[in-house]
C-alpha cells in the first residue's frame, strides 16, 4: 500500500514537471506523458494499450490525426526497439509532444488533416527499466524467462556487481594468454590484440560477474528474456540468445504486427534502433534482390531510401554514423521485407568523432577505437561519471590471478546526456514532418470527354501521384497486405461501359508519375470515377457524358 | 476443469447405456485377424464425419476407455470450434508426460479430410485392441500418442457443408482480400445448380478444343491439332459476381494456406503463396504449437494430407538442405522405407525436391524448430483403384472406369443444362467433391489401417531407455567405482542431430541417489579407460545424447555402502531406473 502511494506521489511529481523534464523517463513516467497527451488533446490524440508484456507493462499506441484516421496515409513511429536505448523512446514520445505543442499552428493542423501518425514509444519496457533499476546494466530481454545458453536451466548465471557500484561494467584478468591489450593512447581502454600483427595480449576480458553455475562461462544466462529486435520474422535468428523459441513469440511482437497489418494506410515505418539506413541508404544488391528468398531492397526502393536519407541528413545534421547492419529478426527489415512498406531506422544519436584537443596536449589516436573516442569526447564535453576506474578485486573463479573491475559504464555510449535530447527530438520531429510532406497523393487530371456518336462517350484521364514518394514500395506491389490503387467507375443502370473496366487495380505509381486510362461509355448524364488506395488517399471526379 | 470432469462423467454414462443397446452379441462374432472383434465403441469406417461427428466419436472413445484415453481441447478455431486431442497411453503405467510421445494430426487443409478419420481410426484401434494384443499393450506402456484428428475444424465443416470442389477450400475461413481491391470474398464460386458441388462448366462452341469421349459420354477429351472440337470448357462453376471482368477471383476457398504458417523458414506471401501474417498467426496452428511446446516428450510426429500416395519428409525449403543432416536422414530413411512396404502405392519423397518448394510448413517446424522426426503422408493414390500405377496417358480413363464398375457412377454428376448470366446456355457436370482426393468408402478402412501401422512403427522406434548393467569396483579407503551402462534399444536417438546442433532440448540426466557421489564421469571407452569428468554436480551426469541402438556408459566414485538407485531422465527418451 505504501509503495502504491509512493508511486502515485512520484507520478504526480512527474506529471507536474513535464515541461521541465530533466532526465530520461522510466516506464511510469513515459505512461504519464503518453496519457497526458490524450487528455490534453482529445480531438487529435487517442491512446490505447495494444498488449501487456510478460512483465505486465503496457505497450502503448498513440494515434495522432484527425477525423477518420484510418482513411489517411500514415507513418508508424517506433521506439524502444532495443531495451538498452532509452533515447529511442524519448524521440518517439518527444515527436508526439512536439507535434501537439504546435497544434494551434495551421501547418500542424494541415498536416494532421492529411496524415495519421501511429506512435509506439516503447516496445521493450521490461528491459528498459534496467536503466532506472538499482543495478544498472544494458538489457534487451523482456521479462519472459529464457534459457539463454540452452542447458536446461533458466537465468542461472546472471551478472554480479563485484565492486558494489550498482553498475555492471567489465572485468579484466591478467593472463599470459590474454586476448586484449591496453590502448596505446588511453591506458583505461582495452583493445583486441591482433596476433597476426605480432601483438601480444595481456588481459582476458569478461562482463562483470561470477561463473555462478560453474560451467566455465560468465553471465551467459542472465535474467531475461526475449529481445524485441531479434524476435521478428525476417531471418529470425532461431536459437540464438534473445531471439525467442520461434518468430514473433512475444506478446509485444505479435500485438505490434497484428496492429500494423490491420493499418493498410501505413506507407512508412520509422524506428529508432541501432540499425541505420537513414545516415547511409541501403545500396542495391542485384543478387540479393533477385534471390528466391528476397534479401535485398528492390532498385526503385533503394532510390527512395537515398532520397529519404538525404532528407534525414540535411534535417538532422548528424555526421560520421558508425556502420550498422541488421542481423535478422529486426524491425527495420520486417518493415520492408514482410510488411512491404518503406522502412527507415536510425539510432538518433551516436558519439561524434573527436579531434585531439591540442590545448590539453592530446594527440591523434594511433589506433581508432570507439571507447577511446567516446572517453575523449566525454572529457572534452565535461561529462563525468561515465567510466569506472579499474580496481583490483578478489574473484572466486580466479583465486590466484589479478582481477580488476572497471571500464566504460553501461548505456553511456548510445545514450547522450539528457541536455542533448530536446534538440535531438526537435530535429527528428522536423525530419518526420518533412517526410510526411512528401507522402504519396493521388489526383485525377487531364480529364477529356469525346462524344463519338449516339450517346457514346470516350473518357480519357490521367491518374497521377503528385508527390515525391511512390504510392507503395515496389516490393509492396507483391504483398497481399498492401492494397492496390483501385479505380472504379460508378455508372447508373441506364449507362453501360462498352470498353474499359468498371473496376481496375493499378500497381504502384512512382513519385511524380501517371497512368492514363480510357473508357467508352454509352448513355447520358453523369458518372463518377474514383481512384485511390489507403496509402494515397482517394480522389473522386464527376464526368458529364 | 471441474466442469470438464462433470461433462465426461455425463457423457460416459450416456455412451455406456448406448453401448448396451448397440453392442453385438459376442457369440455371433468370429474374430478377423488384427481387428478388434467386439469393440466397445462401434464406428463405421467407410464414411466421413464432420466436426460434430468427430467430437462425438472422440468423446465415446474417452468414455469407453478411461484408463487408455483422455480427451482435451487444445484450443479453439477461428470460428470457436474445439480442436480435440486424444491422449492415448496406458495411464496406469508411468507418467504420460514422461513417455516418448507420438503426435498425429490430420486435415490441416480443409479439403484433405480423411486424415481425421485415419487419426481417429488409430485412437480407436489402439484402445480397442489393447486388451487382446500384447504388442499394443507394451507399446502403450512405453509410449504416449497425442492424436488430433482435425486441426482445421472450420475448414473441414466448410468443405462438407458448403458447395465445393474436391480441392476446395484448402484454407481456413478467416476472410482475406486476395485480389487486394479492398473487398473480401466478393467473387467466389457460385453453386449455380444448387447441388452443394462446384463442378465444371462447358459450352457448345464451333471453335472449341474439346469433344465428348465416344467411349464415355461423361468425359471431355481434348482434340488433336488437326481435329475439330465442339465444346469449350469455361472453368469451375461460377460467375463474375463483382463485375470486374474476372470470374471466381476472390472467394473464401483460398484465403491462405494453414500449412505455410509455421515458424521454421517461414516466408511472406509474395515468396510463399498462402502465408498469413507471421508464423502461428492462425489460431489453429498456434494451438498446435502451444501444445507441442508444452510436450517436449514428443519425439515423432505425423501429419495427414491428401493426395498422391506419398510419405514426405522435409525440407520444404530448397535452401534448407543443411537442416536435414545425414545422421537424421538415416533415421528418416529407415522408418519411411518400412512405410513404403506397409502402404502399397505410397512412395517416400522429399517435399522441395519431389513435390514443390514450400516454406513455413508444419513438418519443417516440427523438425527444424523442435527436432522431432516428422512425416506428412499424402493419402489416397489412384494406384488403389486397380492396384496398379496410374498413367499420365490422356487416354487413361481409369477414374471413369473405377466410378462405373466399382462405385456404380455414384461419384459423377451428369452434364445438365444451365442458363448462365454471362455465358448464356452452358452445361454443368463433373466429378463430385468426394471423389479424386478423398478415399471411396470401401477403401477407407484398409488404407487407414496401413497408414496407422506406419505411425505405430514410427512410435515404436522413439527411444526406449534402460539401465542395463551396473558394475562395482572397490577402490579402497571406503570408495568404490560404480559403472552403469544405459541403453537405447530403438532407432531414434534421444536428440536428433539437428536438436544437438542447436541444443533444442536439454541434455539427458543420468543420476545416482542413495550414496554420496564424490566424482562423476562419462566413460568414452570402457576398455581403454577413457573418461570425461563432470566437475560439478557429479551425482547427476549430463549427457548430450543417447544414440539409437546404442549405449552410453557413466561412472561414479561413491562413498558409503547401502543401496543406491541409478536413473535416467530424458525429455524425448523417457525415464528408467534400476
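The backbone N, Cα and C atoms fix where each Cβ goes, and this holds for glycine too.
A TrEMBL annotation is a machine prediction, not a hand-curated record.
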### Task
Choose the correct range: of B:136-161, B:162-187, B:188-213, which one does TrEMBL annotate as region 'Disordered'? Give that range.
B:162-187
### Query
Counting each residue once, how many in the region 'Disordered' (B:162-187) are helix, strand and coil under DSSP?
0 helix, 2 strand, 24 coil
### Query
By a Cβ-Cβ criterion of under 8 Å, what residues six or more beyond either terminus of the region 'Disordered' (B:162-187) are in contact with it?
77-79, 109-112, 152, 154-155, 195-199, 236-238, 240-242, 244, 246-258, 274, 276, 282, 284, 431-438
#### Entry: Cβ-Cβ neighbours of residue B:378 (active site, proton donor/acceptor) (radius 10 Å)
21
